[in-house]
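The structure appears below as structure tokens.
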Amino acid sequence: MSLELRPPRPALADAVQLDPSQRAVLRLPDAMSAAVIGAPGSGKTTALVELVAQHLLERDWASTDLLVLAASRQSATALRDRLGLRVGIPTTGPLARTIVSAAYSIARSEALRMGREAPRLLTGGEQDAIVADLLEGNEADGTGPVWPPTLPAEVRALPAFRTELRELIGRTTELAMTTPELARLGRAHDHPEWVAAAEFVAQYQDVLDQARETSLDSADLLAEATAAILAGHESSIPRLVVVDDGHELTSAGVGLLRAWASRGARVIVFGDPDVSSTGFRGAQPGFLSDLGEHLGLGDLPTLVLRQVHRHDATLRSLVQETTRLIGSVGLVAHREASSVPVGGVAGASAAVAPSVPASDSVQRISAGTGADEVRQIARLLREQHVLQGVPWHRMAVVVRSGRSIPTITRGLAVHEVPSRASLASRPLREQWAPRHLMTLVAVGSGLLPATAERLTELLLGPFGGLDGVSLRRLRLALRHVELADGGSRSADALLEEAMATEDGFAGLDLAAARSAGRLAGSIARLRAATEAEDTIEELLWLAWDRSGLARTWEQQSRRTGVLGDEADHHLDGVVALFTAARNYVERSPHRTPTEFLAEQLETDVPDDSLAPRSTSDSVIVCTPTAVIGAEFDVVVVAGVQEGVWPNLRLRGSLLHPQALVDVAAGLPIIDLDERRAVLNDELRMFALAVSRATRLLVVSAVMSADEQPSAFTRLVEKAPLRVPAPYPLSLRGMVGSLRRELVADPTSRASYALARLAQEGVAGADPASWYGLEPISSTAPLVDLAAEGAVVRVSPSQLEKWEKVPLNWFLDAMAASPSGLAANLGTVLHSAMEEFSLDPDADVSVPALVAAIEERWSELEFESEWLETAQRAKTQRLIEGISQYLVDFRDSGSELLGAETRFELAIGGALLSGTIDRIERDREGRVQIVDLKTGATKPAAADLPDHAQLGAYQLAAQAGVLDVIPAGAEQAGAKLLFVSSPQAGRMYWQGVQGAYDDEAVERFRARIAAAAAGMAADSFPGTEVVGDRHPLAEYAKRIHLLGEVSS
């Protein structure tokens, strides 16, 4: 007798208890293909896992005999892990993969067999860039297709048009449709856009054919793999192909299954046509109703799972009610599946014991604003985590549109709920950290010019590290050095010059200059590395490593709240960028770094990525497509607003790619209700979202005068409405709420609660840490008038500001905002008027003045070209006013005594000082002061006698401190010259203040003395803000009107 030693067979201890309908799947005959249909939570994936385990563990199949397909990379990864844990044996290759991954393996083997270069998967961003280049090229040289009038050049330049064009290209590939056939269908069915698209598709295919490498999109890969299998070239045909979430398969995916079936593979597809969420990408859930015909196998059994294990009766009822509203695609029996008690059955989640009463497993939130909605969601999630023990990663917030994700993640972070977004929700260029890193490398590599605007963006970003104040100081320092050297270049030009070399800021002893110098050094080294032909990976690493941000963000990511979440997101984005760069180098080693950067900085299409993510426990915020094949203990379906969910905007309204599929299938277009089809897709996504919850589902919406809940909320109108809790469920939030309550009512019991929290050392609870209770840091006056030699400087232009609102004067004096465009333009115009006034023979015509202004125009900064154009037109009017005034002045026979005349006048403890634009003497010998104004707000005639600035000038003239005025000259007062306000046929307006007599002079001296005393004081009163034009209306000033508070 001989003995054969074999390794022990892994025990089936991990097998789960299946219900009778699930066991029927495992009892299918060995050669039989089938469709397995089940409602959400009925255990389709569980049956699939047990089916695979049965073949590998009980029937001794090799892992290569099976092929398990999932709908997405994320679901394939999750299914692969689940299968690995279940079977517990080594396997050859991954147990689960996407259908595109499987197709790539086949296409690669076919290429190697034919002696060709292995194909490369064309990413969505790369395809979008090719389409955009072709469209732009056709428009530029007048070639290409003749598009119908409904698709003009402006429409063809839109990202939405490119998206539909790429979808149409994908559909033609899936249908194996030639371009002549596409054009024929366009003519036959009155779709001229298909005729034009046929010519464009031919252009697109020529571009791919001429490329140095074989670049295929996902539809091309599926077509190549299908052709290889049908031709008999693919030898490794699996014995069994199992598909999870088969309702997400496209026509090309179904074609590949048919090819495998034709070569003898057994095909079992699990799915539910009621929760298909990728119809906009060509998913065909209806094929499940007639799987045998689509696979070419004749009649095949359709097994229906009869029990739902994920949901209690309340949740199951909601899902049923939702799916019954969806138009049937031939399968409805699974909608009648009943729920069974959760726990100890197939498909049940064992992560957390259920604690929500069955009647409360569906709830709703109604908020007055979007911010309140996020606040209530955050409270709910914290409640589930803190009180019910639900891990953060077992909770999800699902929204209809990816545009809502950033708002919700930021709001959750504010309320101390850690969250993460689905990785491919936005292109890299729309993510803060990757965009700045790519911009830095693009500038260093020469792809983008180092303009002042772009350098400013980098300096204010993470790699420059400056804030607005630091940057302003840096620019002022550069201008100071330039003026000291006798130059007149603008701060923009000086910044560009300094950033061009590593030592451009060497002469400035400023922290901001040192930071800018480090950034300039990075740019210089990137320039050298580009010349040395480094790869994009190496360039990105050079910039990233020099920044030192890895350590900073890694430390911040360990914290909770907004700062920690933002650091997590930044690191995730940078890792995704490096992953994309590595894939680019591996796929296209001959392409340059600038090509990669150009594609990433221009694309509107996010690339799918398997880049590592931060693994911190956090709530996922995503769209329905990101939760395919997943389940969570708690799901919040947020933002269910009218016009948002459902979004009934017709898809494909430009090129009608879905109509092409229907025409190819022989369906009569006239009978198709497109809006109903869109509603069905919206209902499927809603059903997918609400069916992911195992314990608690919450549907939230905003109800206000501007926003109304969606009709979908009627599905949960009988669910209990959550009452907003008075306190946030966090220590910081609790402390803040108690402190507000205590301020409102000092006798409230909040003081006892705060004392208890303070005993436990909770931050902010101890009154000793409250800023509002601290004594005033200083009661000393700005100027001690009793001190010897004490002087308060009073400026004529600031006197009126002081007299109106002292607090406004103080804030501008202590923390002046950067001068704006209007002030800078006024400075240039004043300078030009001075220059032309001093030369009595100067040409004061409009062209001469324009030429003078043009010489200094580069000193002005504009945010956009249209703003500069508008400002040029406005400046032309101001110049015309100045020119006419100077001409009229000469014609009047008057004489200019002084221009830009400075003066100082001591009045007690005040020193009145300023600069007078013009001092004129008329033919009668009377002296008048002129103040040029380039603004548009004129004072009322009744206010001119007390005009502070003109009065200050008159006081200086009467005091004899203006040397240019002859002694004893008659005073004619002062006037405002507004060159922006035509009047009585002239291009300017004059507001005259009569000459001061002795009494008026004394009154004004008293005004100066009073103002000086007030300016030297220790407090500065404000006034109630009334209207947007109030001096304290802006937030930075209005906040100072608030009294001391305890926080």
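Using N, Cα and C of the backbone, Cβ positions are placed for all residues, glycine too.
Note that TrEMBL annotation is computational and uncurated.
Per TrEMBL, the feature ATP binding site maps to Gly38, Ala39, Pro40, Gly41, Ser42, Gly43, Lys44, Thr45. Annotation comment: TrEMBL describes 17-312 as domain 'UvrD-like helicase ATP-binding'. Feature annotation from TrEMBL assigns domain 'UvrD-like helicase C-terminal' to 322-629.
A map of TrEMBL features onto the structure.
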residue	record	CB count, 10 Å
Gly38	ATP binding site	26
Ala39	ATP binding site	30
Pro40	ATP binding site	25
Gly41	ATP binding site	28
Ser42	ATP binding site	31
Gly43	ATP binding site	27
Lys44	ATP binding site	25
Thr45	ATP binding site	23
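When secondary structure is read from DSSP and collapsed to three states, Ala39 (ATP binding site) falls in the coil class.
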